[in-house]
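Pulled from Swiss-Prot, these are the features on record:
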- Asp461, Asp462, Met463, Gly464, Leu465, Gly466, Lys467, Thr468: ATP binding site (BINDING)
- 5-29: coiled coil (COILED)
- 34-71: compositional bias 'Polar residues' (COMPBIAS)
- 79-88: compositional bias 'Polar residues' (COMPBIAS)
- 104-119: compositional bias 'Basic and acidic residues' (COMPBIAS)
- 129-138: compositional bias 'Polar residues' (COMPBIAS)
- 149-162: compositional bias 'Polar residues' (COMPBIAS)
- 171-187: compositional bias 'Polar residues' (COMPBIAS)
- 228-299: domain 'HARP 1' (DOMAIN)
- 448-603: domain 'Helicase ATP-binding' (DOMAIN)
- 719-872: domain 'Helicase C-terminal' (DOMAIN)
- 552-555: motif 'DESH box' (MOTIF)
- 647-664: motif 'Nuclear localization signal' (MOTIF)
Amino acid sequence: MSVCLTEEQKRKIEENRQRALARRAERLAAQQNSQTNRSLSAPLNAQIPSGQQGVLPSAQSINATGTSRAANSKYAFQKSPSGGNTAPSVPGAAGNKVQAVGNRSHDSKSLTDPAKDVKGNYTVPEAQSVPSGPSNAPNPRHLYPAGTTPGQESAKHSNSYSRPEPLTACDNDTTGPGPLRSTTTITKFYGAGPGSKPAVPVSNKTVSEGRERGVTGSAAEAVPAKKASGATRGRCVKHAESRFRVEVGYSAELIALFKTIPSKNYDPATKMWNFGLEDYASLMSEVQQLQSVELKALEGMEGVQIAPPPATGGGTNINALLAMCNNWQRPSATLRGRCILVSRSRFEMEIGYHAEIIGLFKQMNTRNYDTKTRKWSFMLEDYQKLMESVRNIQQVEVEPLPRPVLQAFAPQFGKTTIIREEIPEVDLSQVDSKLGSNLMPFQRDGVNFAVSREGRLLLADDMGLGKTIQAICIAAYYRKEWPLLVVAPSSVRFTWAEAFQRWLPSIRPESVNVIVTGRDSQSASLINIVSFDLLGKMDKQIAATFQVIIIDESHFLKNVKTARCKAAMPLLKSAKRVMLLSGTPAMSRPAELYTQIAAVRPSFFPRFHDFGIRYCDAKQMPWGWDYSGSSNLNELKLLLEESIMIRRLKSEVLSQLPAKQRKMVVVAPEGITAKTKAALAAAAKEMAKGFKSKVQEKEALLLFYNRTAEAKIRSVLEYIMDLLESGREKFLVFAHHKLVLDHICEELGKKDVPYIRIDGNTSSADRQSLCHKFQMSEKSCVAVLSITAANMGLTLSSADLVVFAELFWNPGVLIQAEDRVHRIGQTSSVNIHYLVAKGTADDYLWPMIQEKIKVLGQAGLSEANFSETTESTDYFYKDPKQKTIYDLFQRSFSEEGAETNADEALLLEACEEADLGDAVCSPTDYSGNSCKRRKIDEYFAL
């Protein structure tokens, strides 16, 4: 039964046939080149079989584009009886006829046998005469003079072979037989690989020099490919301000190239691609390497020097390697394999048994066979040689290394080195001295890496290793290119503002613009901080001006279909410097990592499907493709670390870290409702008044404290959810009010996040079982704890993060709570986050806590020092009203004596009652309750 082929299959078959013919002719040409060189010193007499002879045309009969100049010559191509193109016998460069004979009956083996080269099948014509392109080249086996029948031509040359006139020195650079050349005239005729030099019809000297460069295969530069006679032609035209478009016919090869350009944009209305002018040189450089496409330069840019693509260090041209990524599939192959990068210097070839393949492996000098895995590995310097040899085995298909791997490790393919080159030290003299002097050694390494990658990187350090300070330093290094845009979760926007004011004192506070609403985004400052949700509402013209962008918690962009990702990706691809910060780069879920890679290096994987096939173990299901898996993760890790990612774990830099790292997190004020703001304002106003008794003062403080708890609930929940989304699996959350604890547990329950809760109602037996459950849990788990009920007697060292949703006026209680994780058995540095809300009681509690800790430290009673280990401390700014309230806090909680202790105990008892759910009492409730007051007096009288 006949098999119906689709048009696509027919097209591929025809392409494969044309390529096979081109390779065959190239091998013939290489042999004939050696034979021609011999003819310079010795006559050659050979008997030629009759009936299948032909002559290649001279340079003068073919123009630069490969078309016949029939109008200017009596020689013209004719059709042979067998259907092939025929060509005349024409005068050679020295005035004599240059003839070439091809035997149609020779098999491929005999054509490539060097021992038969002396028989001679071709005499090579002048270099400048040759057009390129296998699909449109005349067949050298069917070439006849115009007006001559095949029979006549056969009779004419049936008994002898006319020896050509010796070539001049400028026509050939070497004599005698020798090894196969990397570039020959027939190679140019049929279109060599991407590294070939074009044949330019100029003086003999120029042609000779061009040939010499092609033969030696210089690694210093990549030479443009000779265009085929049927090449697709187009032009570059100015499109808009700082952009140009390409007007050209359809070319699959060109479309694939377009998709790798960072500034690409496709207009479906005109069906044309346009690009930023900054990518003009790189695009034209790549087009030069395509044989099938020719583009006219952009008007006014004709004189721009188009730098050739870089070559690898040992003579291997990167374009030759990249060319192997095209058309490697062989539908008829019986054995399939693939290449996988296993280290910076070696790759494996995974393939089944095949005698010829094993024979090739044993020819490689750097081969290594692992008897356990039964796999062969080789140094990268053998990659090109091995792949070229494997391609000659028709029954075998081997998937090459991906293009990004070839680009990232390009120097290794020329000369492999196991030791990574040391990244040069960056000059930070232009950065604020306060910032540069506070960088730890590993943080300085991160800055060096970023600058070596031209400010485009994924900073994936573990949590608590100072990604914020590194990002600020990198951005400050590129300060001349500001304005700067910082995109962060809404819960940490003001934390970023505080960090800029602390580490860059040269920046005026009014230069930092925190975008809170959509209306705030209509103007840009020097530093602009916006949430992911508000990014899409920014004015597009303003957003386009940002050339330096920081994305905090960049894993928020993992889903390409979300609005936040759609708003961010165009900005990131067009920006000059992009810093993505993420403590959890999702290496086990490569599909979630794709958008971050595309943001930093758009040219790596223009199509997600290609990435998914290689690294997501993509499978085609009845409903579509499934990209949820993972594959080749080690190769992906090596690729990212070599190109865009730097990641350090706490265990690697633990010796440089303090035991505790405190961080003040300023939560967003918009989380406070208008009603709560009014209540806070009323409470603050009440506190600013004078009070007749200290009890009334304490009661006013208690009311203000409770209002603060209500105001912070929304922001606290948002911060906890951000931590969970960031991949934090186990941490502690301390709060004081029952209202706050209830809301946290309720939200965790809605999200199906496992948690434990320990407060004043939890029995001693239950406490121990809950602690054991938390310690042994291997999955995510959050411990929701009361500050006063769970600040001692518990061990929760399996976590290394503590979050204080509320502050407490007694710093000793806070330090005890911190030590629930900072205990024996803790092997990591502990991170402590204090959530502080402006416009609340935190304005006065936070500086008061720091001052108390400082006094204790000076007295030698405390090792903890908030001011030295907290990332942001310059938070409290006093005005007359704030000063009054602050003095009230200080006076209420710092006086000595039994009366003060009684008042503090009264406040603590009231807070504990609030923790159990009692309503907030009015200012007269406690002062009028003589029984309760007597009970407390009796307690202190004991």
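Numbers run from 1 along the shown chain.
Each Cβ is built from the backbone N, Cα and C atoms, and glycine gets one as well.
Taking the features listed in Swiss-Prot, we show where each one sits on the structure.
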residue	record	CB count, 10 Å
Asp461	ATP binding site	22
Asp462	ATP binding site	19
Met463	ATP binding site	20
Gly464	ATP binding site	21
Leu465	ATP binding site	27
Gly466	ATP binding site	21
Lys467	ATP binding site	23
Thr468	ATP binding site	23
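Note: the domain 'HARP 1' (228-299) comprises 19 helix, 28 strand, 25 coil (DSSP; helix = H, G, I, strand = E, B).
Note on the motif 'Nuclear localization signal' (647-664): DSSP counts are 7 helix, 5 strand, 6 coil. Sorting the motif 'DESH box' (552-555) by DSSP state (H, G, I as helix; E, B as strand; all else coil) yields 2 helix, 1 strand, 1 coil. According to DSSP, Lys467 (ATP binding site) is assigned to a helical segment. Excluding Asp461, Asp462, Met463, Gly464, Leu465, Gly466, Lys467, Thr468, which define the ATP site, the same chain contributes Gly583 within 8 Å (Cβ to the Cβ centroid), listed in sequence order.
Across the domain 'Helicase C-terminal' (719-872), the prediction's mean pLDDT works out to 81.
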